[in-house]
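Enquirer: Below you will find the structure I want to go over with you.
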Amino acid sequence: MITAQAADKSLDIQGKDFLTLADFSKNTILGLVQKARKMKNASLLGKDSKSLNGKILGMIFEKPSTRTRVSFEAGMIQLGGSALYLNSNDLQIGRGETVADTAKVLSQYVDAIMIRTFSHGMVEELALHADIPVINGLTDLYHPCQALADLLTIYEVKGRLEGLKLVYAGDGNNVAHSLMIAAAKVGMNLTIAAPPGYEPQEKVLALAKQFGKETGAEIEVVNSAIEAAAGADILYTDVWTSMGQEQENAERLEIFKSYQVNAQLAAAAKQDYTFLHCLPAHRGEEVAADIIDGSHSAVFQQAGNRLHAQKALLSELL
Ligand code: CP
Ligand code: NVA
């Protein structure tokens with residue numbers, strides 16, 4: 001249950017890095033969701049607070065982005081601050097300057113760094129050497145900002161998080177990993193259905209199961225999408241080929257074809273199931289067009305919530 005008090009008190013995460021939800025308590029995560037709801041309401045009434053007046057977010061991108069880039073930049077501006085888009089190819093880091101040196105220098109120019117890259121270890125190293133908060137805007141391992149917006153969306157649509165059954169069909173990737181941690185932390189049951197060899201990493205599963213023990217969330221990984229979907233409150237999927245895996249695309253199309261979220265899979269879910277996808281989506285691959293564009297889909301509300309969840313996060317970290 002998300003209490004009203006949770007939204008008003010400081011979450012005590014000022015100055016912290018946001019690399020994975022595993023580093024945050026259930027109360028902090030629920031507090032961020034609640035704060036995001038309040039800030040969303042205020043924003044829709046044209047009453048954004050200017051709490052980040054004069055603050056600057058540096059945003060390093062080593063992979064493409066639509067939602068993450070634009071929602072972080074727009075969010076900073078709405079709260080009175082600003083953001084710098086830094087393509088890693090245009091930075092000296094792209095020609096061999098060390099991560100540590102980059103961290104120490106940027107710490108003197110900006111108030112926080114958001115980074116999207118391949119290696120999660122590189123982001124940990126950046127955070128270790130930076131004196132300012134570092135936010136993970138997606139690595140090959142985790143996508144915590146997405147999971148935060150997903151929790152906000154599920155709460156809005158279902159009115160609760162605890163005890164729901166979330167089913168993710170597809171690749172055991174960064175988005176799946178962050179969902180596992182998020183669900184386990186808040187007490188939501190999650191079944192990941194992935195083909196053999198494409199399941200989530202064992203270490204992430206072990207971590208999620210450990211968090212799940214504290215909240216009663218059951219986190220499991222199976223190979224059959226249709227069996228997993230039975231009684232689902234939420235069906236979730238992501239691309240079969242993530243950024244950086246493009247050379248595996250043809251092979252993956254073949255391996256994942258029985259994991260498509262389509263009418264057959266949806267028929268196994270609850271009648272009032274909700275469909276989510278972090279986007280970008282490939283209609284006809286991981287999701288059928290009639291599902292993502294159908295009446296159960298909340299994918300654009302979910303994409304919109306990236307803005308609100310991150311504004312709550314930024315205002316707490318800064
Ligand atoms: N979902 C998400 O992170 O989208 P972008 O790749 O467009 O940022
Ligand atoms: N798993 C996808 C998510 C994109 C937002 C990727 O890493 O490309």
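Glycine residues also receive a Cβ, built from the backbone N, Cα and C atoms like all the rest.
Unlike curated entries, TrEMBL annotations are predicted automatically.
Quick paste from TrEMBL:
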type    : residues                                                                                          : note
BINDING : SER65, THR66, ARG67, THR68, GLN92, ARG116, HIS143, PRO144, CYS145, GLN146, CYS278, LEU279, ARG306 : carbamoyl phosphate binding site
BINDING : ASN174, ASP238, SER242, MET243                                                                    : L-ornithine binding site
DOMAIN  : 16-156                                                                                            : domain 'Aspartate/ornithine carbamoyltransferase carbamoyl-P binding'
DOMAIN  : 162-315                                                                                           : domain 'Aspartate/ornithine carbamoyltransferase Asp/Orn-binding'
Enquirer: Compare the C-alpha of CYS278 (carbamoyl phosphate binding site) with the C-alpha of each of the binding-site residues ASN174, ASP238, SER242, MET243, and give the closest one.
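Expert: Comparing Cα positions, the closest of these binding-site residues turns out to be ASP238.
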Enquirer: Which binding-site residues, if any, among SER65, GLN92, ASN174 have a Cβ under 6 Å from ligand 1, given in order along the chain?
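Expert: Cβ under 6 Å from ligand 1: SER65.
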Enquirer: Among the binding-site residues SER65, GLN92, ASN174, which residue has its Cβ surrounded by the fewest other Cβ atoms within 10 Å?
Expert: GLN92
Enquirer: Given the recorded L-ornithine site (ASN174, ASP238, SER242, MET243), which additional residues of the same chain have their Cβ within 8 Å of the Cβ centre, ordered by sequence?
Expert: LEU138, ASP140, HIS143, ASP171, ASN173, VAL175, VAL239, GLN245
Enquirer: Just to be sure I understand the contacts, which binding-site residues have a Cβ under 6 angstroms from any atom of ligand 2? Candidates are SER65, ARG67, GLN92, ASN174, MET243, CYS278.
Expert: ASN174, MET243, CYS278
Enquirer: Just report the maximum Cα pair distance in Å for the recorded carbamoyl phosphate binders SER65, THR66, ARG67, THR68, GLN92, ARG116, HIS143, PRO144, CYS145, GLN146, CYS278, LEU279, ARG306, no decimals.
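Expert: Max Cα-Cα spread across the carbamoyl phosphate binders: 31 Å.
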Enquirer: Spatially, and counting Cα to Cα, which of the binding-site residues is closest to SER65 (carbamoyl phosphate binding site)? Options: ASN174, ASP238, SER242, MET243.
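Expert: Looking at Cα distances from SER65 (carbamoyl phosphate binding site), the smallest one goes to MET243.
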Enquirer: Using only C-alpha positions, which one of HIS143, CYS145, ARG306 is spatially nearest ASN174 (L-ornithine binding site)? These are the binding-site residues in the record.
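Expert: Minimum Cα distance from ASN174 (L-ornithine binding site) across HIS143, CYS145, ARG306 lands on HIS143.
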Enquirer: Which residue, out of the binding-site residues ARG67, HIS143, ARG306, shows the minimum number of other Cβ atoms inside 10 Å of its Cβ in this structure?
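Expert: So among ARG67, HIS143, ARG306, the binding-site residues given, the one with the fewest Cβ atoms within 10 Å is ARG67.
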Enquirer: Going by DSSP assignments with H, G and I as helix and E and B as strand, what are the residue counts for the domain 'Aspartate/ornithine carbamoyltransferase carbamoyl-P binding' (16-156)?
Expert: 72 helix, 21 strand, 48 coil
